[in-house]
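First comes the structure, then the notes that go with it.
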Amino acid sequence: MVQKNFLTSDGRQQVLSEQKVDSNLSIVIYSVKEFLTWWYIRMPLWHLRMLSRIAILVDDNMSLSIVLRNFFLPWHRDFTLIGYVFGILIKTIYIPIALTTYILLCTLYFVVILIWLLLPPATLFLIIRSIISI
């Protein structure tokens with residue numbers, strides 16, 4: 001069986017100059033396209049996955065879903081009137097604080113995502129504005 005090397009004409013070591021080399025313009029266009037794909041598609045998806053992880057982490061640390069699920073249960077399973085009243089009172093105070101913290105952290109990270117998306121156009125705008133004002 002004869003092995004053929006399709007990349008070179010005589011079977012020797014592959015030489016880059018034997019094939020057509022891409023122009024500088026096509027390399028720049030490819031780089032810009034890859035950058036924009038990374039910046040506007042891959043990284044926002046990564047940030048959205050990170051946002052869901054942050055939401056899960058905050059919920060786990062503050063036990064917000066557990067407190068909401070067990071709202072009418074007594075405090076520390078003390079099935080007396082005081083246990084019920086104290087449990088509902090503490091949970092009524094705790095839930096708005098935990099919910100505010102949860103919403104604030106998720107909103108703050110969502111603002112980070114929006115800033116991430118607006119950074120390249122804002123940079124280009126400021127560069128063009130500074131060139132025009134000179």
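All positions are counted from 1 along the displayed chain.
Every residue gets a Cβ built from N, Cα and C, even glycine.
Looking at 43-60, 79-96, the stretch flagged in TrEMBL as transmembrane segment turns out to be 79-96.
Within the chain, the transmembrane segment (79-96) has long-range Cβ neighbours (under 8 A, six or more residues past its boundaries) at 64, 67-68, 71-73.
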